[in-house]
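Chemist: Here it is, the structure in full.
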Amino acid sequence: MSQALQIGVTGGIGSGKSMVCRLFSCLDIPVYSADSRAKWLTNHDPVIREKITALLGPQAYNESGIYNTAYVASLVFNNETLLKELNAIIHPVVMSDTESWVYQHSDSPYVIKEAAIMNAAGDKNTLDYVIVVEAPVSLRISRILSRDNRSEKEIRAIIERQVSDEKRREIADFTIINDETTALIPQVMKLHRSFISGKNAG
Ligand SMILES: CC(C)(COP(=O)(O)OP(=O)(O)OC[C@H]1O[C@@H](n2cnc3c(N)ncnc32)[C@H](O)[C@@H]1O)[C@@H](O)C(=O)NCCC(=O)NCCS
Ligand SMILES: Nc1ncnc2c1ncn2[C@@H]1O[C@H](COP(=O)(O)OP(=O)(O)OP(=O)(O)O)[C@@H](O)[C@H]1O
């Protein structure tokens, strides 16, 4: 069976990647969330657990053995080197996990992979197109202040560790504007129709 078209969805913290992915999901399109899958793997893959403990110390997992995201975030979102080392532990495992997931969804017209970190389509990955979700930084910060238990300082530290909007635009085949002024659903529907029909959505 041939593989489904693979579409990446990326964007900075609070841009609305997950919101956009929920809309694709409502259209019956399978969605793989690399961020949440990475968290699941950090809790269930013994090799990842061992390497993270060696890198960040035993506090990386709490007394019940659960991945201590608040502790890890406080370290890696303030330290570029540690973040790269954490990525190097988790990403290869997520990549091979994604491959088997894609294979399981070969009968879908296309699949969506959501991730905070992404290469351009075709650039050392299997994506056919990349969608970048964008929103003004001030709106992203206010969304995360309402959604998460994080201070504005912590949110800004995450934004600084993430790639810039300019860099993200370089890898975008398509852009979705999620600024709460531009209607979101028609943008998703336009892309959905073109992915289904196999035509270029541009
Ligand atoms: C650092 C961790 C513990 C923070 O967990 P926490 O629940 O506090 O935050 P959350 O996961 O919601 O992330 C906050 C924001 O940072 C983004 N983010 C997560 N990991 C990364 C990363 N490696 N680089 C850049 N941005 C990232 C998320 O997309 C989100 O926008 C966690 O995100 C993690 O383990 N990240 C490494 C795994 C990873 O690289 N995931 C990305 C896709 S594979
Ligand atoms: N168009 C919108 N209208 C109203 N609220 C929105 C909209 N888009 C996103 N939000 C809200 O903003 C918050 C951030 O959105 P979402 O979780 O989709 O972003 P994200 O890019 O996936 O963030 P992260 O990178 O942190 O995972 C959520 O609480 C979401 O419900």
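Positions of Cβ are set from backbone N, Cα and C atoms, glycine also.
Keep in mind that what you see is a predicted model, and the values were worked out from it rather than measured.
What TrEMBL shows for this protein is this:
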- Gly14, Ser15, Gly16, Lys17, Ser18, Met19: ATP binding site (BINDING)
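Buried or exposed, and what's around them? Tell me for each listed feature.
Modeler: Secondary structure at Gly16 (ATP binding site), taken from DSSP and collapsed to helix, strand or coil, is coil. Other C-beta atoms found within 10 angstroms of the C-beta of Gly16 (ATP binding site) number 24, with every protein chain shown included.
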Chemist: Highest CB neighbour count within 10 A among the binding-site residues Ser15, Lys17, Met19?
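Modeler: Its Cβ has the most other Cβ atoms within 10 Å: Ser15.
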